[in-house]
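Some features that TrEMBL has for this protein:
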TRANSMEM  A:6-22  transmembrane segment
TRANSMEM  A:29-47  transmembrane segment
TRANSMEM  A:105-121  transmembrane segment
DOMAIN    A:123-410  domain 'NADH:quinone oxidoreductase/Mrp antiporter transmembrane'
TRANSMEM  A:127-147  transmembrane segment
TRANSMEM  A:159-179  transmembrane segment
TRANSMEM  A:199-219  transmembrane segment
TRANSMEM  A:240-261  transmembrane segment
TRANSMEM  A:296-317  transmembrane segment
TRANSMEM  A:323-345  transmembrane segment
TRANSMEM  A:366-382  transmembrane segment
TRANSMEM  A:402-422  transmembrane segment
TRANSMEM  A:442-461  transmembrane segment
Amino acid sequence: MLTLILILLPLAAGIITLLSGAQLAKKIALVSGLAILATAVYAWLQFDPAAGTQFSYQYNWLSNGSILFSGGMDGISLVLVLLTTFLTPLIILSAFKHDYKNSPTFYALILFMESALVGVFTATDAFLFYLFFEAALIPVYFLAAVWGGEHRLKVTLKFFIYTIFGSLFMLVALVYLYFQTPGAHSSQISALYALELSAQAQGLIFWAFFIAFAIKMPLFPFHTWQPDTYTESPTPATMLLSGIMLKMGVYGLIRLLLPIVPDGLAQWGMVAMILSVIGIIYGSIIAIQQSDMKRLIAYSSFAHVGLMAAGVFSVSTNGLQGALIQMLAHGINVVGLFFIIDIIYQRTKTRYLDQLGGISQVSPQLSILFMILLLGSVALPLTNGFVGEFLLLSSVFHYDNWLGAVAGLTIILGSVYMLRLFQKSMFGPISKWVEGFQDLTLSEKAVLLPLVVMVFWIGIYPNTFLKITEPAVHQLLTLVK
Amino acid sequence: MSASLFFLIPLLPLLGFLINGLGFPHIPKSLAGILGTLAAVGSFLLSLMAFNTFVSEGSQPMILPLFDWITVGNLNIPFAFQVDQLSLLMLLIITGVGSLIHIYSMGYMHDDAGFGKFFAYLNLFLFFMLLLVLGSNYVIMFIGWEGVGLCSYLLIGFWNKNNSYNDAARKAFIMNRVGDLGFLLGIFTIITTFGSVEYLEVFSQAAGFQVGDPIMVTITLLLFVGAMGKSAQIPLYTWLPDAMAGPTPVSALIHAATMVTAGIYMVIRSNVLYTLAPGTLEIVGIIGAATAVFAASIGLLQNDIKKVLAYSTVSQLGYMFMGLGAMAYSASMFHVITHAFFKALLFLGAGSVIHAMSNEQDLRAMGGLRKKLPITFLTFLIATIAISGIPPFAGFFSKDEILAHVFEHNKILWVLGVLGSLMTSFYMFRLLFLTFFGEFRGSQAQADHLHESPASMTVPLIILAVLSAVGGFIGVPEALHGSHQLAAFMDPLFDTSRQVNPAAFLPTALSHSEEYLLMAVSVAAAVIAAVMAYVMYISKNNVPASDRVEKSGIQKLIYNKYYIDELYDTVFVTPTKTLSNLLYNFGEFLIDLVVNGAVKLIRFGSGLLKKTQTGSVGDYVFAMVLGIVALLFWKLLL
């Protein structure tokens, strides 16, 4: 039941926000975001990692009960729900200082998005998963298309077509799988796990799933919608996209692709792995010369997600645990980094590195928090990024030494573009754009400090989260093998 | 001594960092300096206690667990410390020299606006450096390894208004990361091979391997790549001379006495693995020797007082690796210790000079300072004699022990070692003479300002000078009627190595007279070089030419550091940037084109399909899909 509450709460809160006045809307949104977080934390406290899927709900939906409206949480779902509910109120708060027109709609869309995201991460029925997967697209599409930058329409259209195109592949695959189930058919994900499919069918379904999820994350070469969309979207939407929504893709790989088509993976896993590793290097190299800070982080995010996918395709405990912990870390870091860029942009009206410089002298607090998030992003030990990157790289290295070594270049390239970003914005002489720069306000600190706490928590004591997911990952790997 | 007291050793500097870091700039300077220094000194006193306890309780290694850090599947990485001979020695160096440098910094950084921040960073560095040497497994070592890299980055770029300093800091971090990748891959191979990263577990399993096993060679080579970065060996050394952009106490602590010796520590810690991989050791020895000579040769012509010392550090680290290559593990550790004394002293002395000269670092503007800075001069002189390897000062014993082992192992490397000695003595005496002798060559304003440094700076100089003078007596060889206490103390560290490769640990085959001869050769080399420097810079009163004077041939090559920086720029930096632009401007466009093309092709194909095959399966599926979508939404909205 708790799961359903976590889906319905943001939906209801969204509707209330939508109907309220401009002044009240953001406050309602924030308070309900926090209440939802509290509910999720309550679920976490009640959660027993060893007990499989919990807090389940189930209703008849379609085709006389062969398609169910059902969901629940195992460890993998729980950590992603925690991530979603943790980031959403921060994203809401980060938008406060903006004067968005039509703000009730704006904040309501964020809450609708949260509802759909929780739905994706907890659905135990394949069609319900698909429904939420698509539903999550709609609010963020509107956020980007209505409140975005100059080229928003062209860019969001590309984004929309890309993702819809990918989803259709998944839908076809799901329909096919549904009709393969015995008897009166079932679209329960667990029923799909039990299917005995021919190698050829598995190969095809592998690619259908792969394309759907690869576009969402995105993976090379399906990524060209991403830098433009991240750059043009209003920052809260960029945070939703990069902090949470891309995890739907990684989650899809873990929840559907791996256990349903293990033979497909055996045939094509190497190709998927190579594409992922190419993405890591390709994204990192492009990030090195970017001048627009937002675009730079967009490419770095693209590189990071490549490593997560590579870990998943390694089909190992290290790879999956690494991907899961890295999803948390990446969500936290990327939301923080985009927010810092937004703060700088608000104050200076520029995002271009060539025009910035010397911010650390006028805004030491900002520069310290920026540095911490950046260290998380370049995976310095004792920050959150290290645990994930260590596990992921070790899994890729174990899968293939050379691929592991190539993927490992990310630790060098990551420091190249991140330190350049930091130096050009924070250090050096104070640029004329930076004059009069104010240090952080209270509400800005309220967004950044929880993120920074999580950077250290996951970095210093990752077992909190690794222990939640361990049994679920173990179970999943048994299915695959 | 209880375990919880022991945990205070790294914890005190961490606390110091947190207080000074969070309190900056509200904590007054006087308090910030004292807090930072107390953290270091407290940590030193506790280290002394730990050392005494260890020795009095029979020198048994201990594991002190804190908590399980990363647990995944069968791999558990505990956050735990290992207390043994090696970690205790490192502990004493780090906190001891560290304390002196903290005290010194109170004077040196006194007028700096970032005073409190500086102490916070220094404390943070101590914390990570202590983790590095205390960790009971490779991943904790890696925490420290990367953590000290971060502090090095922050402190090189401490004066971050200056972008050339920032570039130096960034270069240091990135080049270290190149090494770190090797280190990381080494750890992964260790995990694959042993299923653990804990030293005790790894080494006891390793004892079952054959000498020369390829997997041991792989692991040790990868780890050594990490050492090349951190300890500035060819080809990853070019960051260290640039790192001199940082405040001078930083150069003394991080870039001379402690952090850069992490690579040597790592090899000694992993001595079992290295002993099993003689192939790797050959490479270690060759790279060490090459670096020792190469860097020393650059040092011959440098005119910046800190740059000379920086190349000297690179070169001395080369000696340590040369020793490791000959499996003279404890001799290398001996040199780590003596080097920490005299090189820290040299840097602090240089700092005192720079302080007195109103931030002038060019030797050509100095001269005759011995009258104005008597304490600095005297201590600098002692350090110079010590590093040059002239008995009975500290450097003589440690360097000689390394060279004796290298001689037994490989005569060519020994010749290179002696050649390096000769150059070391020359560039050091050249530096000494140009700075402290002759006439003052600076401006009038500088001359008026000349003064000896305050006590907070000279007292550390004096203490280090005493250590540089007598520090060698902890390792007097048997040939000189000593008992080599250091080697005896460290001996149990090599038990497993001895067991897996007994041949490598046979007592020396050199007779006493041969040993005397070797000593005589290297001392003679040092003295000859010192005399040459005397003739050139005192008798003939030469001063290095101004940069405006065109240099010729080999001089130009050496003065420009063999153009290695330019080479790296051309081979790595520029192509990466070009590639980045290329991928962004053309690659992305191309991918868009291809993906869009593919989509169009599919649409085109499906269109054809529909036209040619009425009532095809495709149509059915498509209609079904649409139907289901409609149904889904319809049901949901009800």
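Glycine is no exception: its Cβ is also placed from the backbone N, Cα and C atoms.
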Long-range neighbours of the transmembrane segment (A:296-317), counting only residues six or more past its ends (CB under 8 A): 214, 217-220, 223, 226-227, 230-231, 238, 242, 246, 249-250, 253-254, 258, 265, 269, 272-273, 276-284, 286-287, 290, 323, 326-327, 330, 334, 337-338, 341, 353, 377, 388-389, 391-393, 395-396, 398-399, 403, 407, 410, 413-414, 417-418, 421, 473-474, 477, 480-481
Against the transmembrane segment (A:127-147), which of these stretches has the most C-beta pairs under 8 Å: A:105-121, A:159-179, A:240-261, A:323-345? A:105-121
For the transmembrane segment (A:323-345) against the transmembrane segment (A:442-461), do we get 3 or more Cβ-Cβ pairs below 8 Å once near-sequence pairs (under 6 apart) are dropped? yes
Using a Cβ distance cut-off of under 8 Å, indicate which of A:6-22, A:159-179, A:402-422 has the most pairs with the transmembrane segment (A:105-121). A:6-22
Cβ-Cβ under 8 Å with the transmembrane segment (A:442-461): same-chain residues at least 6 beyond its ends: 86, 90, 93-94, 96-97, 325, 328-329, 332-333, 335-336, 339-340, 343, 365, 369, 372-373, 375-376, 381-387
